[in-house]
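Contents: one structure, followed by commentary.
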């Protein structure tokens, strides 16, 4: 309770104390002191003694905390607690502190403590003329229309002076000029405003700009000033039309000039200004759309450029209307024409046109035959369009110019031969006389059609064929072949055998020929023993009109086969069997000729070469047989113990691949000498007769064979002299021949191998001599339309 009362008493005491302090403070605040200083005071300059002026003992100032508590002037002033003097703290600029306020007053609050006292001090900052008048801009641009009337007023920006009172702007002066005067209007706090007044009209075409000089002066002593230059731009009105700099515009331009190429640049001037004097360019309204696609005009620069391809051959000149216009509100326009002459350049190649053309001409066409007509044109002019035409290659053709301009005829210059060249690719070259010249080429193909001017030609001038006897009838033996250099029907060849009824052609009835391919086949088998060689003629005929033919000689040689069995000539019994009895004395010596087995083979060569051998003998020690001659001789003398009769079986075999053979039996009787002598006389007489007959037959056979071989040798030597042919693949010379009889030739046919024995010769399947002397000249049985016989 007591604490509560104490707290209330303390609060009332505090209120009383505060109230007393406020009353004292209010009384003290009412006592104010004012000082005045100029703004040009230096740092540390004394303003006044506050303690003295307030009647405060300067000795208690420090104890009582004498200080400035106002925030408004702490940076500009300071107080000395020892003597109470107020000093300038730094430099003071009135214009910075008070800007334009008048008067410039600084309020300071001075405080003392124990007891608390508050005093208010006012410091007035006095202005000095430390600033000169200045305009917002040192250079001013002013636009005045040339249509402005005298008396027109143009307010300018006022000059500003940071000083106040009489130190601020006092008056303005305008430099000398003939067009304007200056008037000044005072607006109080806003200062004095300069105004320009137009005295007489302005012509922009005479005077585009007017330069004025204005000066602002303050009221200081001495006075300070500021200046501003005024540039008056006279604003144009659209009172002039554009004028082109040239009366005539003419230009020459190459055709095919690249797009974007400058053709010409026009220029027009307008004495007006701004948009009134700004000239733009355009095509005239009468310029058609085609021209607008070829040319373009720059609206700003007046440059005309190529917009599309120009072709002299399409149009050689253009007259284009252009228009110059200003940008005034009501624009003025001026029209002008431009002449553009297109210059021809050599940009067109000559054109070759074949107006008439024979794609095929007969090979027997006469020189001078017209093959084609052509014309040459060039769209260029002058030398650029003058064209010459010629053939590129050396051919049997030439160009002949006609009476008409640039027209030519293509004619033949020499005889043609389809078999040498069947097609000509003729290239025409057309070249103009421009610089550089242009040329073009055109190729046409001329076919040479065939006429029947070539006879069929056989592969060889002479044919020789070898045919084995016993051939199969109807089987192809060999073939001949002929070709014709012509084409189509003229080259189709048919074959036939010339069957003239003569002795030498009697064998043609044995053979036949395939008319389409020349294959020759036999109608019957050949027998070497009957015919050994024969000759015939083959005629080859084409299908042309008229037809042509040729013939060739064919020699056929029949080759022997081993088809004949040896025939025993001796011994021969009375009943025809190959068996005989020979009696010899017992006292004969070794080597005595008992008898000779004789045999004949109708074949020739190895097929007719016979060998003898003993197949059976009672005593091998008594008799011996010569394998080549067939002679039987004793090998030793007879003894008493030898039997009186012996039988010998002899095998006679030829040398064919598949040999054929025959056997003969000889019985030898051993008799006493007297009996043998008597018998031998009789038998010798018979043997002599038989031997004479055999000898006669052998002479005839060998004579025939010799004649055949002689003929073969003559024919073969003639063929080898004319043409050397390698026959090693079919005919092989036998190197193992042992020297008996004669030279041998082996012949291979398929899987079989044959041997021909005779004089030395060379055999081939076809014998081709160098000349056709053996060829038969046969008149053609077909007749032409004129009735003449073709040979």
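Heads up, the Cβ atoms here are built off N, Cα and C, so glycines get one too.
Checking TrEMBL for transmembrane segment across the ranges 672-695, 696-719, 720-743 points to 696-719. In this chain, the domain 'Cadherin' (583-682) lies in contact with the domain 'Cadherin' (459-568); the count of Cβ pairs under 8 Å, excluding pairs fewer than 6 apart in sequence, is at least 3. Secondary structure counts, DSSP: the domain 'Cadherin' (459-568) has 9 helix, 49 strand, 52 coil.
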